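*Asks:* From TrEMBL, here are the annotated features:
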type	residues	note
TRANSMEM	B:42-60	transmembrane segment
TRANSMEM	B:72-93	transmembrane segment
TRANSMEM	B:114-131	transmembrane segment
TRANSMEM	B:151-171	transmembrane segment
TRANSMEM	B:217-244	transmembrane segment
TRANSMEM	B:250-271	transmembrane segment
TRANSMEM	B:292-313	transmembrane segment
TRANSMEM	B:333-352	transmembrane segment
TRANSMEM	B:359-375	transmembrane segment
TRANSMEM	B:409-427	transmembrane segment
Amino acid sequence: MAIREVLGIYKDLDSAVAAADALREAGFDRAEFEVLSNAPYPEGTFGEESGIHRLFVFPLIGACCGFAAGLLITGGTQLSFPLLTGGKPLLSIPPMIIIMYEGTMLGALIFTVLGVLFESRLPWIGKALYDTRITAGYIGILVRTAPERESLAISALRKANPEDVLTEGGSVGGTAPAAQ
Amino acid sequence: MARHTTVVTHGHELQRTWELAPRDVLDAGLRWVRSLGTGRRLVALIALALGVVGAIALVVGPLLSGYANRQVWAYTAVAFVYLMSTAAAAPCLSTALRVARSHWRRPVNRVAEIWAVTLIIPLILYLLLLGTLPGTENRLSIWFGWPLSPWLWGAILMVSLTGAGYFFLWLSSLPDLAIVRDQTDSARRGLIARLAGPWRGSHRQWRMIEKVVNNAGVLYVLIYVPTMTVFATDFIISMIPGYFTAVFPAYFTISSFEAGIALTIVTMAVLRRWGGQQDYLGLEQFWALGKMLLAFALLWFYFWWSEFIIFWYGRLPREINVLKYIMAETYLWPFVLAFLLNFALPLLILMWNPIRRSIAGPTVVACIVLVGNLIDRIRLISAGYSVPDITQHELHEIPAAYIPNLLDILILAGAIGGAVALVLFTFRVLPFPSIWEVTGGLWLRAHRPFKHARVIVVGKPE
C-alpha cells in the first residue's frame, strides 16, 4: 500500500504538542506520526509511550559470540595439538583469559555498531520528508499515512498554527487557502 | 517523564548555562564552528608543524636505525604511553560522568570525548613499536609464550580501543553533526554530511542515541582498562628483570585516569579563557573535577605505596635492585618529581577548600599532574627500554639512565603537537558546547520562586 508523508514545521514546543494532540483527535495512531527535533525532549512530552527497544540484546549476542570465538581459538588449538610442557596443565589459562576477553569485547563492539544501525534505522533507505529548519530549533511532526488520509493529516497539522506544512509535492502552506 | 527534581543552586555561584535559552546554545555552537579565529588557526598550524617535525624525527631516528637497538625507540614508546595515559584516558572520564547522570557534566562531555580523535596517533606508534617487543617465549610475561604474543593480541586490543573510541565520539557528536550539516554552507559540508548520515532527530533516534552513547562509553572503558594492564606488562614490567608485581598495572591505569581528568580540566580552562566558553564551563565544573583530581592523586599514592611496601620489606637482592633502578638510584630524580607532581603537590594544593572551589586552583594542579605524568612515563619507559638482556631472571647490573637526545625530544613533542592539532581541526567541524546535550538539559529546567530567593530546578529523567 502506498504511503504518503506530510511534515508540519512548528516554531515552538506548545504548537508542536498541540499538533500531536490534534492528530490523535483526528484518529491518527501514534505509530503513524513521529516528532523530529534538534535536541531530545523528556520522554512523554508529546504524549508518546515508552517504546520497547532491543539495543541491549546486540552487545550481549556479540559478547557471547566473541567469547565463544576466543574460547575456540585458545582452547581448541591447545586441545587439537596437545603439547605437554614440563608437566604443566595442557590449557594455559592466563593468556586464554586475555584472548577470550579481547574476543568478548570485540564481539560486543561490532554488534553494538550493528545494533545502533538497526535500531535507529540508519542508513535510512526509504524516502522521508525532512526540512533543515528542524536543526535550527523548529520542531517537525512527520505523518506517514494512506493517500486518502493525507488531507485529514494536513488539516490536523494546520490546527496548531504551523510555520509550514510540507507534502511530497512541496509546501502547502501553514494555513488553509481562503475559500473562494 | 521527569520524576525527581534537583535544586542546583546550593548557595554558590549560579551556573550561567541554566539562565540561557535553547536558541542561545544553538547560536553559540554554530558561532563556534563558523568563526575560526586567527589565534585558533595559528595554534593549530604550530601544533601541526610540531607533528610533522616529530614524524620526520621518527623516520630519521628510530625507523632508520632499525630494531636492533631498542633504546633508540625509548621516547617513541614514551610518546605512545603518554598519549595513552592522557588523551585516551579522557573519554573514560566522560563515561563516568554520563553514568553518574549529573547535569553539570553536559558541557564537559565533549571536552573529554574529543580527545578520542587522537587515538590514531598512539595506534600508529604502537604498530611501529611492535618491532621493539621481543617474542614472549623464554622470558617472563603475561602471555606465557602464547603464539604470536605480544604482537597480534596487543594489536587487536589497540585496534579495538581505537575503534571503540572513534565510535563513542561519533555517536555522541552525531546530532550536532546533523546541525552543522544543515546550518552551515561551507566546503566542510560534504564531509559533515557523510559523518552525520541521514540523522533526522526522530523520537526513535533520540531514544536510541541517549542509551547507546552510554553503552559505547562503558564499552570503551571496558577495553581501555585491560589494554592499559597489558601494555603496563608488555612495555614495563616484563622489560625489567626481577620486577615481579601485580599492583603495577593497577597503578598504571589509575595514574592514567588521573592524567585524563587533568587533561580535561586543562582543555576546559583553555576553552574558557581563549574560547569564550564562560557560559558553559564555570565554577561548578572545575570544582567537581577538582575533587575527582584530588581523589585520584590520593589513589596514586595508595597504589604506589601498595607496590613499594612489598619490595621494601621483601629486601631480596632482585627487589633491592629493582628499587634502586626505578626509584632510588638510576631514576631517583624523575621518581621524586613524579611523586611530587602526581601526589604531594596536588594534595597540598587541593586540600584547601578555597583553592579547590575555584577555577584557577584545579587548573594549576591539572597542569602539574600532566607534567608529573609525563615525567613518570619517561622514568618507567626509559627504564624498561634500557635493560640489555630482558631474559634474565633478575637485574644483576643496574643499567645507566637513558638521557634523551634532540630527536627523542622532537618525537615526543611531535606526538603531543599532532594530538593537539587533531583536536583543534576536529573543533572546526564539531560545535562547542554539545548543542543537543546542553539543550536537552535546558528542557528539564524550571525557574521557581522560593520565599525571597529564586531557584532553578532541574529534572532528572528516568
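Note: Cβ is positioned from N, Cα and C throughout, glycine not excepted.
Small disclaimer: the values here were computed from a predicted structure and weren't measured.
How about a rundown of where these features are and what they're close to?
*Replies:* Counting same-chain residues at least six beyond the ends of the transmembrane segment (B:72-93), those with a Cβ under 8 angstroms from any Cβ of the stretch are 54, 58, 61-62, 65, 111-113, 115-116, 118-119, 121-122, 125-126, 128-129, 132, 161, 165, 168-169, 217, 220-221, 224, 227-228, 231, 235, 252, 255-257, 259-264, 267, 292, 370, 373-374, 377-378, 380-382, 384-386, 402, 404, 407-409, 411-412, 414-416, 419.
If one looks beyond the transmembrane segment (B:114-131) by at least 6 residues along the same chain, the residues whose Cβ comes under 8 Å of a Cβ in the stretch are 58, 62-63, 67, 73, 76-77, 79-80, 83-84, 86-88, 90-91, 151, 154-155, 158-159, 161-162, 165-166, 168-169, 220, 263-264, 267, 415, 418-419, 422-423, 426-427, 430.
Outside the transmembrane segment (B:151-171) by six or more residues, the chain places 88, 91, 95, 113-114, 116-117, 119-120, 122-123, 126-127, 130, 133, 143, 195, 209, 212-213, 216-217, 219-220, 223-224, 226-227, 230-231, 234 with a CB less than 8 A from a CB of the stretch.
For the transmembrane segment (B:250-271), same-chain residues at least 6 beyond its ends with a Cβ under 8 Å from one of its own Cβ atoms are 84-93, 108, 111-112, 114-115, 225, 228-229, 231-232, 236, 277, 281, 285-286, 289-290, 292-293, 296-297, 299-300, 303-304, 306-307, 342, 359, 362-363, 365-367, 369-370, 373, 376, 423, 432.
Within the same chain, residues 255, 258, 290, 293-294, 297-298, 300-301, 304, 326-327, 361-362, 364-365, 368-369, 371-373, 375-376, 378-379, 382 sit at least 6 positions outside the transmembrane segment (B:333-352) and bring their C-beta atoms closer than 8 Å to a C-beta of that stretch.
Remote same-chain partners of the transmembrane segment (B:409-427), defined as residues 6 or more beyond its termini with a Cβ less than 8 Å from a stretch Cβ, comprise 32, 40, 43-44, 46-58, 61-62, 75-76, 78-80, 82-83, 87, 114-115, 117-118, 120-121, 125, 267.
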